[in-house]
Every structure is written in structure tokens, then in C-alpha cells.
Amino acid sequence: MECCRRAAPGTPLLVLAFLLLSSRTARSEEDREGLWDAWGPWSECSRTCGGGASYSLRRCLSSKSCEGRNIRYRTCSNVDCPPEAGDFRAQQCSAHNDVKYHGQLYEWLPVSNDPDNPCSLKCQAKGTSLVVELAPKVLDGTRCYTESLDMCISGLCQIVGCDHQLGSTVKEDNCGVCNGDGSTCRLVRGQYKSQLSASKSDDTVVAIPYGSRHIRLVLKGPDHLYLETKTLQGTKGENSLSSTGIFLVDNSTVDFQKLPDKEILRMTGPLTADFIIKIHDLGPADSTVQFIFYQPIIHRWRETDFFPCSATCGGGYQLTSAECYDLRSNRVVADQYCHYYPENVKPKPKLQECNLDPCPASDGYKQIMPYDLYHPLPRWEATPWTACSSSCGGGIQSRAVSCVEEDIQGHVTSVEEWKCMYTPKMPVVQPCNIFDCPKWLAQEWSPCTVTCGQGLRYRVVLCIDHRGMHTGGCSAKTKPHIKEECIIPTPCYKPREKLPIEAKLPWFKQAQELEEGAAVSEEPSFIPEAWSACTVTCGVGTQVRIIRCQVLLPFSQSVADLPADECEGPKPASQRACYAGPCNGETPEFNPDNGDGLLGGLQDLDELYDWEYEGFTKCSESCGGGVQEAVVSCLNKQTRELADENLCVTSRRPPQLLKSCNLDPCPASHLLSREMNEVVVLADELCHHPKPSTVQACNRFNCPPAWYPAQWQLCSRTCGGGIQKRDVLCKQRMADGSFLELPETFCSASKPTSHQGCKKDDCPSEWLLSEWSECSVSCGEGTQTRSAICQRVLKTGVSTVVNSTLCPPLPFSSSIRPCMLATCARPGRPSTKHSPHIAAARNIYIQTRRQRKLHFVVGGFAYLLPKTTVVLRCPTRRFRKPLITWEKDGQHSISSAHVTVAPFGYLKIHRLKPSDAGIYTCSAGPAREQFVIKLIGGNRKLVARPLSLWSEEEEALQVRKTNPKEALQTHKHQNGIFSNGSKAEKRGLTADPGNRYDDIVSRLLEQGGWPGELLASWEVQDSAERNASSEEDPNAEQALLHLPFTMVAEQKRLDDILRNLSQQPEELRDLYSKHLVAQLAQDIFRSHLENQDLLPKPSEQRFPPMAVPAHKHVSGFSSSLRSSSGEAGGGSRRPHRKPAILRKISAAQQLSASEVVTHLGQTVALASGTLSVLLHCEAVGNPRPTIHWTRNGEAVQFSDRILLQPDDSLQILAPVEADVGFYTCNATNALGYDSVSIAVTLAGKPLVKTSRMTVLNTEKPTVTVDIGGTVRTVRGVNVTINCQVAGVPEAEVTWFRNKSKLGSSHHLHEGSSHHLHEGSLLLTDVSFSDQGLYSCRAANLHGEQTESTQLLILDPPQVPTQLEDIRALLLATGPNLPSVLMSPLGTQLVLDPGNSALLGCPIKGHPTPNITWFQNGQPIATAPGLTHHIWGAGQILRVANLSGGPQGEFSCLAQNEAGTLLQKASLVIQDYWWSVDRLATCSASCGNRGIHQPRLRCLLNTTEVDPEHCTGKPRPAVQPVACNRRDCPSRWMVTSWSACTRSCGGGVQTRRVTCQKLKASGISTPVSNDMCSQLAKRPVDTQACNQQLCVEWAFSSWGQCNGPCIGPRLAVQHRQVFCQTRDGITLPSEQCSALPRPVSTQNCWSEACSVHWRVSLWTLCTATCGNYGFQSRRVECVHVRTNKAVPEHLCSWGPRPANWQRCNVTPCENTECRDTTRYCEKVRQLKLCQLGQFRSRCCGTCGKA
């Protein structure tokens, strides 16, 4: 009990020291972290349920700022709120109900799912479209979106995972489990195809169980889906799904879509009931339903707790189990339910040791608990592996693995396997001999045996194993052939042989004596023995040998002899001729022509002798590579003895074969003289014979697997100790040279290392810099510093700090740098006036002459020639020039050899090149200005710059640089003004702000006739040409001298030109632009001359006429256009063109001017001194357009005060207030018209252009009107209300809706919004909530004017999605009458005669549609004989007393201003009756039995139906009619077959065949067989039968009685039962399946089964009361006679008695303090009484202690 000892006297001092040390350590860590104080306690949760937020604060203990945040958040109260709690956002909105908004109280409803700012409190006034942001932030814990767990904290939306943790991205899986792996459910998908019949109109598609998720069904076809549900409480329900919509079915949301060709059903889930999806037959065609959903696995394995320990002391163990648990009913069920799901894997039992305390000495032995098992733990034991099933090519071997247990005495017994499941079971099967089997490897072919004609060639074929060694075991059947014929194209003139010359086996096999003998295999084959001796001693004799059919028995590895017919293939010869040498001194040469006579029929004497190789000669060299020659000898093939070479045919002698030898290099030696046989190396050209090959193939078989390491990779570090890696793979080099990558287990050698150290030397010392400190000041200019330490990385990889002298000198700029914050405010002056400012120049520069250097100020655009040096200056105020920074295309610029960033604030680019083009940005603190540089090519074209160089940031800066209005106009008009719809324009390339002026500058460069043209011709001339041109035109050189180096234009001037061009018609824009560009070029040049005082006086002319063209003002452009046809010359005809009015920009009007002259598109303000107003209107077109004027939409009434001038201008003399309005010039010709307006106001008062007409739109997607009228349109269109205003100064336009002011852009309702642009109001996707009065108010200093337009939304007639209202109306009109709803496609209602019916016309629309009824296309009122009534505002039609037959088609036509809708339905009166059809076919073709039977049909409206419908209807009387009553032709008549003569093995059966004739009277008489033979072939009268084999069951004798015990002294014995023929041939068992099979198993008496369970007496109970007492006994299986223990499995036929039980399970009396266990004395001795569990059980003993 060490934990309870009192501390030693010195302990408090040690604790105090430890606390002080800990405090220092914590304080040092805090110093590094910025001196933060500890986090404070968590605040109260912002919500009590539904997920809220809590925060904790900390404070900074330093006087400086601390890094990090001083607040942190966490989620809390993550429990669902009760249903009555309501929405948290709605509660915050309702808190403002008692606060007046604009003087009025509203009931506020929440506006959720705002995509722009989800954490602001936006609420909508109930009953209105007013949406207001009542608070910038919602309370912490409010959900950002209704369908998300993300919550708002401090006004920002924070991500919350399904685990309710902030910042967590954990999501639910498809089963609804947070961060699950999808294993608790299974994906179910399938397809159903309807196969409905007339009697069955409904069918079940699929049953979707409770808890399923993500359900989707799609029905394609005419049928209809509907639902049946059943809750866990047994409540059933049904939903017909009659219309599209979202329904709540048993607390589950159902999304149903009913489309014309299909139906779609979606349910997110989880389902709260079992759903049965059914289909209802509505059409003749089949329907298909595809479904998919995730079904929960409701039965899962659940691991139990540990069982009680197997022993009370001394060490035991305890196990767990697994039980199948039903998640729906929350109860344990049978295991079979968990086996239904393959995903369910039953957990293995767990085992752990327990009660490891030694047993008390008084016990004697430990008590056994639930299991009769002993220490140590059970373990797996395995038998040795069996032999491999295959010697190569991959086999298997197995072993037995069992669970055993060892008791205290060391006895090992087998136990159940589950007791060893706490460790993995050893494998019982493993692969073996997975190497390849030996296979044949063929060598190269030898040369042909002949030099002419036909011969043979040979090759060596070896059997090679997987290691590349020569071995046996290859199949002889797959051996490649070793010889083949070869043909030499050289003809032979004296052939000796008729047959091909046959050579012997190649040298590589014979010379090395590798010939293989015949081997016995596992397949039966002929095996010859050795030949006998020759029968004669000289001359020709014979030899014999024995041929046996043998097979190798693999299991015994012995050879067995078989009958000869068991071996396939030809049998080898058993006799052959032999020759023993010449007799009586005969000549040893034989004549082949006499062979037949000498050998007495033997084929060829030459076969006795043949050439063979007999090894090799000695190597020609001892080192350095020599040659061996194969020795060829003539041998007797029978005796294998050498013979005279004359006995072998010379032409068959094999070729000379060589092989290399002694390839090792020779050791160094002294040079030898020529007299000592020195080898002299000569040039290859001096050798006449072909040079031998220096390369030959060798060892062409697979190499054994080996390790192949790759090259080492680069070292991970350049110094300081790094790591090198390489790949080491196990590969096998194949015979063809390729490599096969193998698993590492195939390589037996040790694997080379794949890692090694490298660069094990110290690194040079280097500076380690810290982060920059904060700026030294809070405003203005300060400094930042950072510290630096000198460190070195040692070869061990450890960094160490060294002396700073060992590091290179550190630049001053590396440790200190300036910083610039906001300018400090001066007393009494706002600080904003003292921020840095850059004095930019908004100019366009175009270089026209070569110049070495040009200076520019930022803020403009420069188009320059290459090789020009450029200096960019950035003039600033209130900012130090050394702090100015430069960027190019968004990248920071630094000084280089080509670009210089000077410390004085300017940038210098040396000799421009194409890569220098771009946007240069000068930054002075927060102030930024840009300068764009572009290059001009040699052909006066701009050098293109890649588009990718522009960044979005540069575009944003360029657009932001200009004022908003100018930027809007520029982007609106700059695209496509010059390009006329080029590809670049269509791609939006010209929207690049850096390319804004490229088009107009390109036109300026291309402009002919302006002074810059002199440059192009002057600079390309050499000096001689230039002098000559000067002599011819002295003014040209003088003009060039005064040309500027750069032309300068203001950006505003070019912006005005672009804006003016954008207002011109497209057909005139190109022509108009040429004049503007020419005028611009002239103005630029004149401006330069004026600045230089060089502008010529009217009397003098310095420049030639071509150099400075006559100046033409733009205002004269229209007149030149009008006369262009006459000026063209040649009488060429102009193309036809529709009218176009020229838009022009006039100078600003002077209010004091008495006469006002202006162009269209302007505003005229009438003052008191205005005497005349002249409105110009210039139009072009072919034919020439006619001009007429209107005022406020009405034609102008001309008078002596209002005049039309000859040039179609309108002049107003002495204008008065009645003349105020919008004057419109209309130009018209045969091709079209054009119109432009001009406003005339009184003293600058606002004027609004109005239109009092009513616009009705039902088809167009957009509507555009002037304010002042009424707009009636359908939903979903875009409505634009123009409010064109005029006034001086310009009037401000304000829009109102129902007298409420509208902002610039706002959402009116979900899916609709409005936008204000240049005084116009655009309403997108209008709906009913957009109806109202829209007012435009124009106001300026002189007054205001308001005009309004009423917007009415029309809804065309359509079928409502919810049909409950009209169904209730039908039910109220006629509760018991059949009814049908009309539909656009048509419906049908089948009625009985005399019934009445209700027809409903479901319709909705705005205004309410008018309904008209028709029958068969005629008005219902004119239908003859039809009683009808119309109710329910025309929606219900009742027709009464319908008679038989079809009633035709009824239709209802609904119409209003927005459109019409026709719906149809058909009424069919069903009446079934019997109809007599035509007579059926005669029942016989002859004789006396033929009759016609009339056929009855059940009809419904002339359609045949099931006869059951006519049950009860009167049947018409019908009588059969006789037919075909005549004599039949003769025919064969046969009797039945007789019984078979044998039951098996083949028998015969017969029948009688006669020829007979049937008379018309019905009598059949026999006739001659010839009469039947003429008509048909005589049937057979005999046939074979019972051809099957005669089989029977056969069986062997009973085996020994050694089967498993099934009772006392009772075991099982077996015998074999098989099917065979009566001849003893075994057949498959199926052949005897028709016969009763004899039994193959029977019970028998066995002495080994004379066993029974023997139990000992129960031990004493471990407790006298309570729930902890138990007792045990020993249970064992013993033999009845010997009474000795035997294995327990012999007693398994009887139940095993329990070996432990609870005892003394009675409650202990609390009042009596006594011992309840017999171990209390040990408890007292071990001093365990102070522990509660021992003190309670040993109350008496512990009380005494």
C-alpha cells in the first residue's frame, strides 16, 4: 500500500521546488507565445438546446501586442429542442414586433438562407414583401442555413461538422452515421417491370423498410404509383399521389413529380414507417420502375461483457461472446437474423487473464469457475506440413491446426476452437513449389549437312529447370524436334542418295555425352530394354530386345507393367539387323545397290554405321581464348565400337564444329621475338577469309531470381549528413533477355540496403534570420528590425550556434528596413488630407521618331518604338522617394542590367524590347498609379502581347482608377467600336483595360496623309535618297525637323471619341471613325505646332498639302455623307441601306444664349431670354429617308412659330411653356426606320418621357415600356420600365413601389429582383408579389416630376397542383355520384346505364378564368336530350340519366387575358350482352359426327370481354348444325402397343395395323391394304423397347465399427454402395436412381463407446449469502469397465453435466455483522480490511481487527 504512506519530512520542500521550476518553465513558454494570460472560464451557452456557442477570453500581459486571438469558441447544448420551442431565428425576429418600423408595427417573420450574408438578421413583414435587416448580426449559435449545422458566431458563418464541433468537416455517411464508413446500411437498387392482367390491376413494386434513406423511384409508362405505409405501432395508411407536390406521410417527407411520360418519387429519410410502393394499371403498355435506396441493417452483432473468471485465484481467464441484436425492437434475437447480411461479421471472442493473485494456503487448490480449464492459456498447435501436391508449377500443402490446453501437470488436451480465438489461427493451407516446371530449351540450328541439294540440320534441345540447370522431368510429348530438312540452292550433279542425308545429333549433345535414356513417366508408355548381342560373329545378323508397357505410380514411386493396349502410339521395333565385320577377308566396303540381296529384305545396310562426335580436341590456347574442335568418328551403332571410316558414307560426315575455350585473360609477359613464334597483330584487310563473329548467344535459359539495385538517388542534403535512397527489386532475367519482377520472397539471398548516409561533412556557417518586428511607430514613417544568429549544421545533422565571425558579413538592409503606416493626423486638420499623393498625367503618348531616351510621368499610355530608353517618373507628395516601389504586371521589380529602379523614385528601362511591354505600377504607401507601355512594330502595327500577361488584379486596378461613371461608359462602349465583331471582340478580349486605346491608336498609325507619314518614308531612305528628296521638295525635310518625337493626346479626348462612336449605327461606325481619327491626328499635330509657335499663318504655307491635310470639323461630316454618291464618280450605284440618324455631341448649352442650336440626344433648357431653338436631325440611308417630327408621341403641328427647315431641322421661335416635351426625329424609308429624341425643358425643370398606353404581353420573354401606362403580363418575364428624364442640371431619378422607395438592387421576393440602370427599372422573373404601382420621380434644383406605371401580373389558365379543393367540391355536390376530373390529355369514366355523373374542371389563373362547357365540340346548352347543371362557378358539370352507348367527349374551356386551356373527359356507358358469332369450324371432315357449333361472345360496346361479365345476361338460343356427312377415304388404323418382352437390356413390342374405311352412316369396314398404301405409308407394327442397361446396386462388406459414438456402447459403421451392370461394369450412381438404394451406414456395438460422464461432489459454497456464492465439481468422461478417463468427445452423445453453479443466493441481513466468506482470516492477515469490498464480506473478522 505504497500509495497511502505518509510523506517524508523533506517532501514539502521538494514539492515547492518543483512548483517553482514549473512556474519558470511555463513563464518562459508564455514569453515565447507573446505573454498571454491563461484562458478564462467558458461563458454560459447562448442557447439551452439546438446547438449554441460558448466563448472563453484571455488577456495580454505584455505592454506590446500579443500574437494570436484573445477569444475562442466551442459548441454547447447540442441536444434537440422540443417541437414547441420554435425556430431560433424566428424568435429573434419576433422580438422586434413591438418596435415600430417607420412609424408602423409589423409582425416579423425570419428570412433564411441569404446567400450574401447568412448571419445578418433579415426579417419580412407578414403579409407584405417588405424585407428589412433588423440587426447586422444574429445571436451566436443561430444556424447559417436551415439545412446545415453551420452556425453564426460573432456575425460570421463557422463550419460545424456532424459531430457538433467547430471547424470540423466530418459528415454523415449514406446511412446517417456521423463520420461513418457506410457499413450500417446497404445499397439496394433494382428494376420492376409491370406484368398486370385484366383480373389484377395493382401490384407491389418494392417494400422499403423503416429507417431507409435516400430513396428514389422513377416510373416510365402509363401506370401510376401509390403508397401504403405501416408504422412500428401497426398503424396502416395509404396515399394515392394524385398530383405533384411535397407531402408528409407518417412524418416522412415525400417529394412526388407527375410528368406526362413518367413519375418521380423521392424521399430523403430516414423513413418513420415501412413503405410499400405499389403500381396501378392505367394503360395497355407495360411500365418500368427503377428504384434505389439505402436500407439499414437492423440486425447487428453486439459484443457481450466478459464472462466470470475461470478461476477464483491462481490465474484464470475470461472470454466475451457475440449476440445478434435487433435495433428496431431493442432486443436480442436468434443468430440467424445476423447471417442474412453479408456485411455483418461476427466479432471474434476476446480473452483476458484474471484473478492472478495466488491462492491462499488454506484452500489447498483453486476453485474452478464457469469453465473446467486451467492455466496457462489455450494455444494453437499445428502438425507438420504434408508433402506438396505438385513437384513444380505451384502446388499446395496442408496441415491440421487445433486448439490445445495444458494443465498444471503439463498434460496437453484438445479443446474447442473458440477458446483460442483471442489470437489469429495459423494457416492450414499454403502454396508450395511455385517455381516453374522444367521446360525444353532449343539451341541454334547447326549448318546444313550438305553443300548442295537437300540435307538435314540439327539442334540441341535441353531440359532446363527454373534455376537454369540442366535436369530431367520434361514431357517427351512436348519436346521440340531436333532435326529438320534443309535445302541448299546449289544443285547436285551426281547425287548418290535418293533419300535425305541424315546426320547424327549435334555436337553440343553428343560431344558432351548428354543423350537421355527413356524414362518411365506417369503416363503409360513403351519402354525398350537393351539390345541383345548380334546373332553372328561376322557378316550380317540380327539383334532383339524386349518392349514393355510401363507406368510410374506416383504415390509409391514404383514402376508397374501394363497390357500392351494401354500404351498409346507406335510400338518401337523389337528386332533389327546387325553387322559383325567381314567374313573370309572380304572387302569392308559395301555397295548400297546390293543391300537388298545381302540383307534379305533389310532396308539399308548403311544404317549400321554412322558418323558421331566423340568429344573435343585439346584447347588451342591456355589463356586469352582458344578453340576446340569436335572429334568425328565412324561407329558401329550396335556395338558402339570404332570402325573404319570407309564403312561410313563420306557424304554424311557432319560438319566441322568449333567452340571457344580458356577465355580468361593471360597474365602480363615479356615480348617475344619473331624467332620465338611471336604473334603479330595485322590489319583486318590483310586477312582474306571472312572474319569470325565476335559475339554469340550463350546461356539462353532463365536465370535464377536475384536482387537488382537501382542507382542511388541524389542526397537529401548538400551537407550536414543526408540520406540516399534507391530501389532494390527482386527480378528474374528471362531467356529472351527481358526481366520479370517478382515478390521479394522469391529472392533467397539477403537484400542489399536501400538507404545509406551521404554528405557527412559540416555545412558552412550561415545566418539564421528571425521574422521582422512590428513597425516602430503607430503612424507615419518608422523602421522594422530582425535579429540574426550565426549557425552551422554539423555532419550529424544537428544545428549549433557558432561565433558570428564565422559567417559572411551581413548587409545592413538585411536586419533593418523602413516601414510606412498611415500619416499621423495634425491637430485641427483631418488626417485624410495628408495621405500620400501621386501627381499623375492622364495622357496618351505615340512615338513618331527615333529617340535615344524619353521621359514620362505615370498615369498614361505610351506606344513606343523598340530600342528606346524610357524613364518613368512617379512624382509624389507627402511621401519619401526612396520608399517608392515599382511593379510590372503585378510582380515586384528589382534592379537589373536591363531595368534600373533608382532610389530617387524613378524607373529606367534600357533599350526597349518586346518583353518590356506591360503595366508598370508605382506605389507610394496606399497610393498607386499605373503606366502602360506598348511597342510599335516596323510596319506601323502594334506588337501583340500575350493575353496571359494580364491578371485580374490589374484589370480591377485599372477600372478602379477611373471614376465609376467613366468606367461604366468605357466598358460599355470600348468593345467592338473599331473591330466590327471580330473574334477578339466576341471573346471579350478588348475588355482588357490595358488595350482600351489600342484600336484608335492603330488607326492613328495607319492614318494616311498625316504628318507622321513622312517618318515612314524618311527613316528608310539612305543619305543619297534623302538628299535627292530634299532637293525635289525642300519643304519635306523642313517639315520633318519640326515633327515631335511623341504625339500627345489627353485620355479624356480619346474617351469622348470612343463614347461618340458607340452611339453611331453599326453601318456608319467604320466610316465615321475614319473622319474622327483624321481629325484627331490633325488636332494632335496642330497642338504640337501651337506649343512650338510653328503654326503657319493663313498667308504662308510651310508644309506640302499632303503633309498637313485641310482641317475638316466633324460637324461637317453629315453633309459630306449626303453627297458621297455624287462624289464617288463613275456613276456607281450605292447599296440599299435602312435609315440611320447620326448621333453627335454638341458643346454645353449656355443658359443665357438667346439662340440654341443643338443636335439630337441632348437636353435644351428654355430660359427667359431664349428666342429660338434649332433642333438638328441628320439621317442617311438609301433610298433617302424622309424625316418627320413628333412631340411626346404625337406629330408636331407646324405653325408660323414652329417651322420645318429645308435640311429637316426643327426650329421653335419664341418658345413657351407649352413647347416643353420630348421631340423625336423619325427617319423612314422602304427598308426601315430610326428615331432619336431630344428633351426641351423649361428653365431646366425635370421632364419625364411618358406613354399612356396599356401593354398586354402573353408570349414575349421581355417587355420594355416608357413610364406612364399600364403593363399586363404573364409571370416569369423580365419587365423594363424606362424613365427617360431631362433637366438642367441633370435630374436625379428615384423609384418607388407602392410609395416605398426602392434601392439600387434588391430582392423583391424569392426568385425575383429588381435592378436600376441609367434611370430604367428592370424587374426579373416577375411574379404576383411584383404587382403594384411603380413610380419614377425626377428632381433637380428647379423642381420635380413624378410619373407612374401600374404592373398587373396575369396567370394563364392551368391545372392546379393541389386538387383537394375541387375534390371537396365534387363530394359536396354529389356525395354518392361517380365523378371524374378533366385533364388536358383526357380522362375516361365508365358508367352503368341510367347513372348520373359529375365532371370537375380543375383550373387556376389570374384573373379568374371563365369556364365554358362543350359536348362533342358543341356548346353544352345546344346538346340534344342532355340534362345537365353547372355548379361551383362553372367548375362542376352534372349530367343526369345517361342512356346506353358512348356519350361522347365532354370538354371545358378556361380562358382569361393570359391564355386558354382545354381539358377533356369521355363518358362511356358500359353494357354487357351475349352475341352469336359465326359458326365454328366443322368438328369432322367426314363420317357422321361433323357439326357446326355457333359461338357466343360477351361484348361491351362491340369489344369482346371476359365471359364472366355477361353472367346473368340472357343467352340467345343456339342449335348445332350437321356438316361434312360423307364417306371418309381409306386410312390405317392401329391398336395399342403390347407390353415389352424384356424389362431392360433391349426388348420388342408389337401392335396390329389394318386398313379401314368409315362410312357416312358411321360404320367402319376393313378394306384392302392397297387402298391405304396409295394414300399413306403403312405404320410400323414392331419397335424396340427398354434399351437401357440392366443395372443394380452393389455394395461392399461392412467396415469396422469405429465410427463416432452415438450412445452407450453404440457406434456407426459404413460400407460402399455403387451402381453397376449385371456384367460388373461400374456406372455413375444416377444410372441406378430408379432403384431403391441400399443403406451405407448402420449402428453397431463398440466397446470404445462404453463411456459415461462422471461427476464429483460439489465443493462448499464460497459464500453463505448474497449474490457472490458459487460451487464447482469435476466432470470427466470415463470408461464403464476400466473407470479410466477417456477423451471427452466419446461422451458427446450425452449432455455434459454442469461443473459450476450459484449457491446460497439469499440476501444477507444487514443488521448482523458476520463473515460471508471463508477467506476472512487471510484478509485480516494481509491487512485488506480497509478496502470496502473486503470489509463488507468479512464484517466479523474486520470488526475484531
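Just so it is clear, glycine is given a Cβ too, placed from its N, Cα and C backbone atoms.
Counting every protein chain shown, the number of other Cβ atoms lying within 10 Å of the Cβ of Cys45 (disulfide bond) is 19. Annotated disulfide bond per Swiss-Prot: Cys45-Cys76 (among others), in sequence order.
The disulfide bond annotation in Swiss-Prot covers Cys49-Cys81 (among others). Every protein chain considered, the tally of other Cβ atoms within 10 Å of the Cβ of Cys49 (disulfide bond) stands at 14. Under the three-state DSSP scheme, Cys49 (disulfide bond) falls in the coil class.
A simple way to gauge crowding: the CB of Cys66 (disulfide bond) has 17 other CB atoms within 10 angstroms, across all the protein chains here. The disulfide bond annotation in Swiss-Prot covers Cys60-Cys66 (among others).
Using a 10 Å Cβ-Cβ cutoff, Ser310 (O-linked glycosylation site) registers 24 neighbours. Taken from Swiss-Prot, the feature O-linked glycosylation site covers Ser310 (among others), and the record attributes it to similarity to another entry.
Sequence-distant contacts (6 or more apart, same chain, Cβ under 8 Å) of Ser391 (O-linked glycosylation site) comprise Asn433, Cys437, Gly473. Feature annotation from Swiss-Prot assigns O-linked glycosylation site to Ser391 (among others); the stated evidence is similarity to another entry.
Here Swiss-Prot flags 436-493 as domain 'TSP type-1 3', drawing on sequence analysis.
In the three-state DSSP classification, Thr451 (O-linked glycosylation site) falls within coil. Cβ neighbour count for Thr451 (O-linked glycosylation site) (all protein chains, 10 Å cutoff from its Cβ): 12. According to Swiss-Prot, the feature O-linked glycosylation site maps to Thr451 (among others), an assignment based on similarity to another entry.
Sequence annotations record features per position, and here Swiss-Prot assigns disulfide bond to Cys534-Cys578 (among others).
In the three-state DSSP classification, Cys583 (disulfide bond) falls within coil. Neighbour density for Cys583 (disulfide bond): within 10 A of its CB lie 11 other CB atoms from the protein chains shown. Per Swiss-Prot, disulfide bond is recorded for Cys538-Cys583 (among others), and the stated evidence type is similarity to another entry.
The disulfide bond annotation in Swiss-Prot covers Cys549-Cys567 (among others) and is backed by similarity to another entry. Under the three-state DSSP scheme, Cys549 (disulfide bond) falls in the strand class.
Other Cβ atoms within 10 Å of the Cβ of Cys775 (disulfide bond), summed over all protein chains shown, number 16. Per Swiss-Prot, the feature disulfide bond maps to Cys775-Cys819 (among others).
Of all Cβ atoms in the shown protein chains, 13 besides its own fall within 10 Å of the Cβ of Cys779 (disulfide bond). Positions annotated as disulfide bond by Swiss-Prot, on the basis of similarity to another entry: Cys779-Cys824 (among others).
Annotation for Cys790 (disulfide bond): spatial neighbours Ser765, Glu766, Trp767, Leu768, Val801, Val802, Asn803, Ser804, Leu806, Cys807, criterion Cβ-Cβ under 8 Å with sequence separation of six or more. The disulfide bond feature in Swiss-Prot is assigned to Cys790-Cys807 (among others); the stated evidence is similarity to another entry.
Long-range C-beta contacts of Cys874 (disulfide bond), restricted to its own chain and to partners at least six residues apart, with a cutoff below 8 Å, comprise Ile838, Val857, Val858, Ile884, Trp886, Gly905, Tyr906, Leu907, Cys922, Ala924, Glu929. Look at Swiss-Prot and you will find Cys874-Cys922 (among others) tagged as disulfide bond, backed by similarity to another entry.
Taking Cβ-Cβ distances under 8 Å and a sequence separation of 6 or more, the neighbours of Cys1283 (disulfide bond) in its chain are Val1248, Lys1249, Asp1266, Ile1267, Val1293, Trp1295, Gly1319, Ser1320, Leu1321, Cys1336, Ala1338, Glu1347. Annotated disulfide bond per Swiss-Prot: Cys1283-Cys1336 (among others), in sequence order, evidence recorded as similarity to another entry.
Look at Swiss-Prot and you will find Cys1401-Cys1452 (among others) tagged as disulfide bond, backed by similarity to another entry. Cys1401 (disulfide bond) is surrounded by 28 other CB atoms, counting those within 10 A of its CB over all protein chains shown.
A straight line from the CA of Cys60 (disulfide bond) to the CA of Cys819 (disulfide bond) spans 25 Å.
Most Cβ neighbours within 10 Å among the disulfide-bonded residues Cys824, Cys1336: this distinction goes to Cys1336. Cβ neighbour density within 10 Å is lowest for Cys549 among the disulfide-bonded residues Cys534, Cys549, Cys1452. Taking all protein chains in view, 15 other C-beta atoms sit within 10 angstroms of the C-beta of Cys60 (disulfide bond).
Ranked by CA distance from Cys824 (disulfide bond), the recorded positions Cys76, Ser310, Cys534, Cys567, Cys1452 have Cys76 at the top as the closest. Within the same chain, residues at least 6 positions away in sequence whose Cβ sits under 8 Å from that of Cys578 (disulfide bond) are Cys534, Thr535, Val536, Val540, Gly541, Thr542, Gln543, Leu608, Gln638. Across the domain 'TSP type-1 3' (436-493), mean pLDDT in this model comes to 83. Less than 8 angstroms from the CB of Cys76 (disulfide bond) sit Trp42, Cys45, Ser46, Arg47, Gly51, Gly52, Ala53, Ser54, each of them six or more residues away in the same chain. The two recorded residues, Ser310 (O-linked glycosylation site) and Cys49 (disulfide bond), have Cα atoms 48 Å apart.
Helix first, then strand, then coil: DSSP counts for the domain 'PLAC' (1709-1745) stand at 18 helix, 2 strand, 17 coil. In sequence order, Cys49, Gly50 are the residues near Cys81 (disulfide bond), counting only same-chain partners six or more apart with C-beta under 8 A. On a Cα basis, Cys66 (disulfide bond) lies 75 Å away from Cys1401 (disulfide bond).
Straight-line distance linking the Cα atoms of Cys549 (disulfide bond) and Cys819 (disulfide bond), rounded to a whole number, equals 106 Å. Nearest neighbour of Cys775 (disulfide bond) by Cα distance, taken over the disulfide-bonded residues Cys66, Cys538, Cys567, Cys583, Cys1452: Cys66.
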